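Take a look at the structure set out below.
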Amino acid sequence: MDHDARPTADIHLSDVDFERFQEFFYRKTGIQFGENKRYFVDRRVAQRMHETGSTTFRSYLTFVKFEVGQHEFQRLVDIMTVNETYFYREAFQFDCMVQDVLGECLVNRRGHGPLRIWSMPCSTGEEIYSIALYLLERWPKLREIDVELVGADINETALLQARRGLYGPRAVQNLPASILNRYFTPKDGETLEIKQDIRDAVDFVLCNICDKFIPPTLSNFDIVFCRNMLIYFDTLSQKRAVENIFSALRPGGFLFLGHSESMSRVSSVFTVRTFADSLAYQRPLS
Amino acid sequence: MPLSRTDSGQAPGAEAPESIGTVDQAREHLGDSDSNARRRAARAFVDFGGDPAVLCRRLEDEDNLAVIELAMTALVDAATGSDGDSAARRDTVEALISLMRSKNASVRVQTVSALQQVPDETAAFVPALMSDPDPNVRILTANLLQDFAHPDTHAWLRALLRTDTHVNVCMAAVEALAETGTPDMVEDLDRLVDRFPDQPFVAAAVAQVRRLIEGRSEPDGS
């Protein structure tokens, strides 16, 4: 690595640099950035080059590839994968979960262990905490049945934020005042903190869904929410991701994709189930 | 509050999968009665550098779609991965191509999908597939070319239109061109109608594709 840092504005990626970055980032993460994301990529790579004191893209890439501990690679992933989300996004799927799907999961599950729900990618936690709030507010059986909640993401910084549970007004704009009053505590300025017992109920895990092997804790789920992620992947990465999700689901478990996403070109192994509020993909029972 | 959390490395109730440490163990588990074990074995077999022809032969008898899909993804990884040398990648594609003759329809469909993901590695085999004596293989080849990112794709499809003697192969090529055909192919389509004058569905299909192609060529056509 070079240590004569240049200001970010002076750093420019050539077309060849961009192509090399695309290829490298895709190979490592399964995420593809097209030419339409050129500005987004250029700015962020330039920022990382500036902060690591790299004077050329080649030296930066060498550093990212070969650094012991791969800390810079993780920082690069973090800066490239930040997606804004908010509480109760596409809430009709949460309605479907509490009204139809959880009941089936109770029938299908073997033994009396807890139900398990996974949010992937969980980003800064809005989705998995929304699920927690829905269960607390709208699923009376929660008094009898234990539910385990897991959020996973490739972005370590997002996971840290998720664990902190601090949100601004945009993130909580869809939440009714009664929910805000019951489950959030005002902090500095307009920031709200989701209550400690809810934060403590969620396990957050670092995970690249396109890896050949995902952490063993990501298994035996009854429900997986994987919304608006596959659209960023090419066919092969989509297949890898869906195969990992299939493996992580219990037989009879359900997968929710984003409302504009479809499984039809990715995999035929799930059964499409149509409920009153949403459709879901079910892993066959046998 | 019955929202609980598990921080352990193993999810509760999860059956610890039997570990697969060698290619021989993976080969053994390819015949396991549990489909989950076969899925793990297929991935491990490829990752350990097992002979892709062995896995492909095993898929001939596989009836679980989840196993077939995972094995195909693993084989695509092997065909594109930076780990193997070019001969190994070629062997993988060759093994996949052998599955175009599979008696298992799910395997044939998944094979076409897998080969579409490795066009650079598959392209060298396309001319031979186009002249395969089995028309079913040629039909699948036209299906393959329907979504095949290679500069020669249109030329190959046009060659099928001009020369293949089997009407179903030609119809598969017509179908493939419906999505991506261009006005310069209209002549080949018209000739096809002349080649099969006793098959009215050829004329109907060509007329439909012509409409799509000519509509697409208009400035605002989409």
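Including glycine, each Cβ sits where the backbone N, Cα and C put it.
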Candidate sharing the S-adenosyl-L-methionine site with A:ASN83, A:THR85, A:ARG89, A:ASP153, A:ARG227, A:ASN228 (per TrEMBL), from A:GLU51, A:GLU67, A:GLU127: A:GLU127
Fewest-neighbour residue among binding-site residues, criterion Cβ within 10 Å, set A:ARG89, A:ARG227: A:ARG89
Assigned conformation of A:ASP153 (S-adenosyl-L-methionine binding site) - DSSP reduced to three states: strand
Three-state secondary structure, A:GLU127 (S-adenosyl-L-methionine binding site) (per DSSP): helix
CB-centroid shell, 8 A cutoff, S-adenosyl-L-methionine site A:ASN83, A:THR85, A:ARG89, A:GLU127, A:ASP153, A:ARG227, A:ASN228, site residues removed: A:SER119, A:PRO121, A:CYS122, A:SER123, A:GLU126, A:MET229
Lowest local Cβ density (other Cβ within 10 Å) among binding-site residues: A:ASN83, A:THR85, A:ASN228: A:ASN83
